């Protein structure tokens, strides 16, 4: 079999190598998921070391939720891999490029407008991806997430949100792509440097404007009201010289009961964003007979999202929120964000440099059905998505390992601020609220988990002693 493949033309060897590696990765991922599903099925009672922090009802709920998610992931992954294989085998990429060319001809453009044809191709490709992925997204949201009490959306809100996401994505993707292709076309021998600098500038701009201009298109942001929590957050930030300018609460509860927190911004303009589902005193998903503190003013979205609470006492109290933010601020103080940006940009520069070497190889285009033309956008797709796939898999694993190390360091930073017990309590609550399963297969965890499992974090914080 191997000898037969080696006797094939080099473009066929490239094609089958790409296809073979894609299925190798899929089978590896499927094997890891099988191991984890076996853990879900076999671990039916709370392990002894978790007796003090997790009741049997929550444990069973999380087990069933993660099992449903894993089964869904298996079938959606199989569909995705099969679809990708059929697209390659049936010449879907050159076919769509020809369709884009036909559209161009009908509106009066000739073959010389490669960048415009590339944008038409990109629009058609993203439309195809959106429509084929829609049933899976609907099932995940309205069957799995609904079944386990997380979905807060109606169908109307879901589809309105999907259309809005598509439009916003196109408004960003098409101009950026056209400029990138133009830079590659006119950049000469050193185009890869200019292309890298352009993508660096775009990424920094998007990070800067995302929470101020893009995220509010989908969720309502409001300043955290004056009070004890805001005062404590500002004091903690000041104690470590974190240049905090604003604290926001985002109305994530109209979409899902999952919770989160993050900060963003460069230099002296840092902002903290808290999901309302993270805040015990502000989450509308809580049922409480006691009066709630004044909440950020909300629009009436009763026709778009569900008002019925699905979880009791969701979120963390103020001291636990401060501990969570202590962890997040630890990432900043320890330079994790800067290190991630540096790694990302070093990788980007390397990839553009290799792209400059490979873009002239005609056999790469012939391998995927482009016998008479070598469009730059298609070259980007072939090289970055297919040729670099082994490197991308290795890099992804290394970044996962690094991320776990950063998480432990951020936990240790919060512990150094005297917030170990509060962080432990917050991690347990968040694990319960999000139905995280605390038992993981070691190989699945090693390959996939960017955050250490709950037990490992609690042990490192000193909450649970290892036997």
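Here the Cβ of each residue, glycine as well, is placed from N, Cα and C on the backbone.
Ranges compared are 286-314, 431-459, and TrEMBL records region 'Disordered' for 286-314. Transmembrane segment is the annotation TrEMBL gives to one range among 80-101, 190-211, 212-233, and that range is 190-211. Counting residues 6+ beyond its ends, the transmembrane segment (165-184) has Cβ neighbours under 8 Å at 114-115, 118-119, 122-123, 126, 130, 191, 194-195, 198-199, 202, 206, 214, 217-218, 376-377 in the same chain.
Listed recorded positions: 407, 411; maximum Cβ neighbour count within 10 Å falls on 411. Counting other C-beta atoms within 10 Å of each candidate's C-beta, the binding-site residues 327, 331 are led by 327. Non-local neighbours of the transmembrane segment (190-211) in the same chain are 172, 176, 179-180, 183-184, 221, 248, 264-266, 271, 273, 344-345, 348-349, 352-353, 355-356; each lies 6+ residues outside the stretch with a CB under 8 Å from one of its CB atoms. Listed by sequence, the residues of this chain that lie at least six past the ends of the transmembrane segment (119-144) yet keep a Cβ under 8 A from its Cβ atoms are 65, 68-69, 72, 76, 79, 83, 96-97, 99-100, 103-104, 151, 153, 155, 158, 162, 166, 169-170, 173-174, 177-178, 377.
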